[in-house]
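Engineer: Before anything else, here's the structure in question.
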Amino acid sequence: MDIALCTANSSKVQVSEFILMGLPGIHEWQHWLSLPMAVLYLLALVANLFVLITIHHEPTLHQPMYQFLGILAVVDIGLATTSMPKILAILWFDSKAISLPECFAQIYAIHSFMCMESGIFLCMALDRYIAICYPLQYPSIITEAFVIKAILSMVLRNGLLTIPVPVLAAQRHYYSKNEIDHCMCSNLGVTSLACDDITINRFYQLALAWLVVGSDMILVFASYALIVHSVLKLNSAEATSKALSTCSSHLILIIFFYTAIILVSVTHLAERRVPLIPVLLNVLHIVIPPSLNPMVYALRTQELRVSFQRVLGLSEYVSRK
């Protein structure tokens, strides 16, 4: 918004709440989307909680690979919960108002968990790289202490680097408009209502995306390129197949996660012409990965699948069949 308008409105009281209008262009029938979104959210909660219970219950899963998977499950629950309760409240009860502190807290939570998910994918890629390329050194490198240090470093990195995002948004002045054409508080959606200059907000968001998520993505794909290069040099077809199957579930989720981020970023360029698409993709990116991750691991990882059956008491039934 123009700075002159900010000066004109400087005598007015700053707005005390924002109004989340929902999905732009389909306000009349957006409530029909509440059922699939609620199902996806419930699936994300139940599936990831079950992953955590299974990893805790089964001693065979007390390995770095599954410990990282357990942390990913916690992050997925957090990521989905940052927004979905409010989105469902908007669609079911028309509860569109959100206070400024709640909105800025949601901005922080979304950015933190999104960056945290990217960081955990990097840790998992590094784990698989060392396991496949340096199998003899793996037990001495990827220890319990390494896992704890890696997780703490990711928490500190993402927790600290995302603090300026809501802080900068809170420093802007919001005098006239308070309606956000979105289901949740996105940083750019909120700051676009400010009556003063938001160049620093846009710059920091871009820098955060490139320095954190962008660097993670480059390192993740570099790790898997080295893994593929190493696996293809193996003489045994069976060993090659086993090594690739170990990484396949990781790679599926990583490709989906980063592709979705790129799509959301690209579609924001067309937001003025088709505002629904980036908003809808943004919402789906919050809930689909958390619900998809445990299912992919359950289907693609035999050890985890067997542990699921054991926890559910199905192993005896399967063996009798």
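Numbering starts at 1 and runs along the chain as displayed.
Any Cβ shown, glycine's included, is placed from N, Cα and C.
Caution: TrEMBL annotation is automatic and unverified by curators.
Feature list, courtesy of TrEMBL:
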type     : residues : note
TRANSMEM : 38-56    : transmembrane segment
DOMAIN   : 47-297   : domain 'G-protein coupled receptors family 1 profile'
TRANSMEM : 68-93    : transmembrane segment
TRANSMEM : 105-126  : transmembrane segment
TRANSMEM : 207-228  : transmembrane segment
TRANSMEM : 249-270  : transmembrane segment
TRANSMEM : 276-299  : transmembrane segment
Engineer: What average pLDDT does the predicted model assign to the domain 'G-protein coupled receptors family 1 profile' (47-297)?
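Structural biologist: Mean pLDDT, the domain 'G-protein coupled receptors family 1 profile' (47-297): 90.
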Engineer: Counting only pairs 6 or more apart in sequence, are there at least 3 Cβ pairs under 8 Å between the transmembrane segment (38-56) and the transmembrane segment (249-270)?
Structural biologist: no
Engineer: Report, as numbers and ranges, which residues of the same chain sit near the transmembrane segment (249-270): CB under 8 Å and 6 or more residues beyond its ends.
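Structural biologist: Same-chain contacts beyond the ends: 117-118, 121, 124-125, 128, 188, 209, 213, 217, 220, 224, 277-278, 281-282, 284-285, 288-289, 292-293, 296-297, 299-301.
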Engineer: Six or more residues out from either end of the transmembrane segment (105-126), which same-chain residues have a Cβ under 8 Å from its Cβ atoms?
Structural biologist: 65, 68-69, 71-72, 75-76, 78-79, 82-83, 86, 98, 150-151, 154-155, 157-159, 161-163, 165-166, 169, 184-187, 190, 208, 212-213, 216-217, 219-220, 223-224, 250, 253-254, 257-258, 286, 289
Engineer: Given a Cβ distance threshold of under 8 angstroms, which distant residues of the chain, six or more beyond its ends, lie next to the transmembrane segment (207-228)?
Structural biologist: 111, 114-115, 118-119, 121-122, 125-126, 128-129, 132-133, 157-158, 161-162, 165, 243-244, 247, 251, 254, 258, 261, 265
